[in-house]
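Peer 1: Just passing along the structure, written as structure tokens.
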Amino acid sequence: MEALYATMTGALAACGLYLTLRGRTFPVVVGLTLLSYAVNLFLFSTGGLTTNGAAVIKEHAGHYADPLPQALVLTAIVIGFAMTAFSVILAIRVRGELGSDDVNMARSDESREGKS
Amino acid sequence: MMQHLIILPIVLPMFTGLFMLLNRNGATHPRRLFAMVSTSLLVVVGILLLIQSNDDVVRYYALGDWQPPFGIILVLDRLSAMMVLLTAVLALGSVIYACAGDDEQGSNFHGLFQLQLMGVNGAFLTGDLFNLFVFFEVLLIASYALLIHGGGKTRIHSSFHYVALNLAGSALFLIAVGTLYGVTGTLNMADMAQRIPMLEASQASIAQVGAMLLLVVFGLKAAMLPLYFWLPRAYAAAPAPVAALFVIMSKVGIYGILRIYTLIFGTQAGVLADIAQPWAWWLGLATLVLGSVGVLAARDLRTQVSYLILISIGTLLAGIGINTQQATSALLYYLIHTTLVTGGLFLLADVIARQRGKAGARIVRSRAVTQVAPLGVLFFVGAMAVIGMPPLSGAIGKTLLMQSANAPEYKVWLWAILLGSSLVSVVALSRAGSTVFWRANRKEETSETMGALRGVAMVLLIGASPLISLLAGPVAEFTEATAAQLSDTQRYIQAILPADTAGGDA
């Protein structure tokens with residue numbers, strides 16, 4: 001199971017990285033989302049993968065899953081969700097204001113900052 | 001009551017920020033007053049914390065009374081107290097400046113500003129690695145929104161780059177934290193510091209990966225060499241008070257490097273001892289060189305100030321790379337100076353841009369600024385300070401740092417590059433100053449003057465340089481004590497984890 005899990009996480013991260021390096025805003029946003037999924041999966045595995053173990057520690061529990069990574073993943077998911085929402089809105093604003101969804105557009109505007 | 005003081009730098013801006021966000025349609029005047037009063041209170045809290053930390057006791061505040069290493073704790077030592085006070089003073093300058101009109105160019109300025117303060121203060125105070133990530137996100141999401149405050153093409157465009165880059169940085173941060181948790185089984189920094197030396201060789205190499213990833217993350221925040229390209233564009237595009245506040249954000253990265261690589265991966269960390277310092281040294285010097293080139297090449301005052309920040313980051317990183325107590329003390333002195341002065345220069349560049357009409361902040365011949373005398377004096381003092389001309393604080397900071405580079409292999413590089421970059425800054429800033437103030441056409445009647453608020457804000461930040469030059473003795477004493485406390489990691493660990501829990505089941 002470890003090998004499958006690691007491969008899947010790696011594949012997600014690789015796809016995310018590839019899309020993040022694309023030249024248009026939408027693939028970049030999707031890429032960042034995939035990257036954050038990969039990170040969440042990775043965080044989840046940091047306590048070691050446990051099957052058939054409860055998350056909660058009982059008094060004399062012999063077999064349990066590390067609860068802390070699960071708490072971390074929850075936090076990371078919430079934050080990642082907010083960030084994704086923000087970057088989607090920002091990408092729409094970029095499209096609206098600059099008239100293009102190219103990440104590197106409007107380089108020529110650089111020297112005219114004072115005028116805008 | 002006094003033991004709850006530690007959490008006030010987080011709670012105070014949080015409540016102020018929430019109040020501002022809920023009350024977003026209220027009248028302008030009371031909101032401004034409220035923001036200024038709250039930020040002034042933060043300065044007071046910062047001073048109290050500094051006094052409290054001055055007895056060399058490392059205090060911690062267990063949130064919800066969950067004791068370390070299990071609960072999240074806030075830790076107050078000299079370094080945290082100093083950074084919180086520095087943030088508060090810089091924020092006071094920015095908020096006063098913003099109240100002169102910038103805050104009304106978009107919505108929710110004050111609310112977001114306070115939330116960003118909460119994030120910055122939290123990052124300085126927390127003693128838990130994952131909590132550090134959370135506060136990083138708090139300060140980042142506030143900064144995303146602040147960067148596009150007021151709108152405009154350049155802001156929105158540079159903002160997308162900034163957001164994408166920092167989201168990728170956050171992903172790396174989480175991977176690093178996860179890796180370190182995987183091998184040490186703890187997130188508490190003191191506990192982790194204790195467990196790192198006990199790792200087996202195979203585990204230690206995994207921890208090393210985590211440690212280097214963290215360096216990338218903090219390097220991105222601090223704008224270390226291969227990761228700085230976002231900074232000039234983002235800072236130059238941000239509204240002036242926001243840019244001034246952003247100066248502290250790059251120092252959050254410096255703080256992170258300083259804290260993590262002295263406490264967790266410091267000299268006591270066995271095979272992982274001092275792994276970041278050689279990187280910080282060489283990359284810091286390279287940042288210094290490229291920052292100097294940028295200062296010389298900049299065609300806009302705001303871009304120029306952004307590159308001056310890069311120079312200061314390079315200097316600070318080189319100081320971290322030397323990795324002696326004396327160097328740490330020197331770089332902390334330099335950090336106080338550079339944060340306040342570059343913040344003030346951002347405000348000054350904005351005032352100059354306002355008074356020059358179409359030319360804005362570009363370094364070209366154009367109409368004269370309306371108030372040549374006060375702006376000229378401020379520019380002169382600010383430039384002298386940031387270059388490091390005696391008698392101002394920049395000179396003291398740089399001299400202390402050069403003195404601390406005792407070993408010849410450090411001395412050769414640091415002296416040559418640091419002095420070279422100072423020379424380049426002299427050339428660039430004197431050219432900028434003479435173009436803006438002397439090679440100017442006649443004044444025009446219609447130009448606006450800066451209001452009292454903007455003047456006060458600039459004097460507060462740029463005037464800090466003469467002040468900390470006058471108080472160089474006490475300030476340097478404090479930074480020396482801070483450096484001593486920082487290098488004494490055993491004391492830090494024992495303050496947080498009393499002996500009975502120490503050395504547990506690693």
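Heads up, the Cβ atoms here are built off N, Cα and C, so glycines get one too.
Below, the features straight out of TrEMBL:
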- B:6-22: transmembrane segment (TRANSMEM)
- B:72-97: transmembrane segment (TRANSMEM)
- B:127-417: domain 'NADH:quinone oxidoreductase/Mrp antiporter transmembrane' (DOMAIN)
- B:132-150: transmembrane segment (TRANSMEM)
- B:162-184: transmembrane segment (TRANSMEM)
- B:204-231: transmembrane segment (TRANSMEM)
- B:243-267: transmembrane segment (TRANSMEM)
- B:279-298: transmembrane segment (TRANSMEM)
- B:305-325: transmembrane segment (TRANSMEM)
- B:331-352: transmembrane segment (TRANSMEM)
- B:372-392: transmembrane segment (TRANSMEM)
- B:412-430: transmembrane segment (TRANSMEM)
- B:451-472: transmembrane segment (TRANSMEM)
Peer 1: Quick one: find which recorded stretch in B:6-22, B:204-231, B:331-352 has the most Cβ pairs under 8 Å with the transmembrane segment (B:72-97).
Peer 2: B:331-352
Peer 1: Between the stretches B:6-22, B:204-231, B:243-267, which wins on the count of C-beta pairs under 8 angstroms to the transmembrane segment (B:132-150)?
Peer 2: B:243-267
Peer 1: State the residues, same chain only, that lie 6 or more residues beyond the ends of the transmembrane segment (B:204-231) and have a CB under 8 A from a CB inside it; answer 'none' if no residue qualifies.
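Peer 2: Distal contacts: 136, 158, 161-162, 165-166, 169, 172-173, 175-177, 179-180, 182-184, 196, 249-254, 256-257, 260-261, 264-265, 270-272, 275-276, 279-280, 283-284, 286-287, 290, 306, 309-310, 313-314, 316-317.
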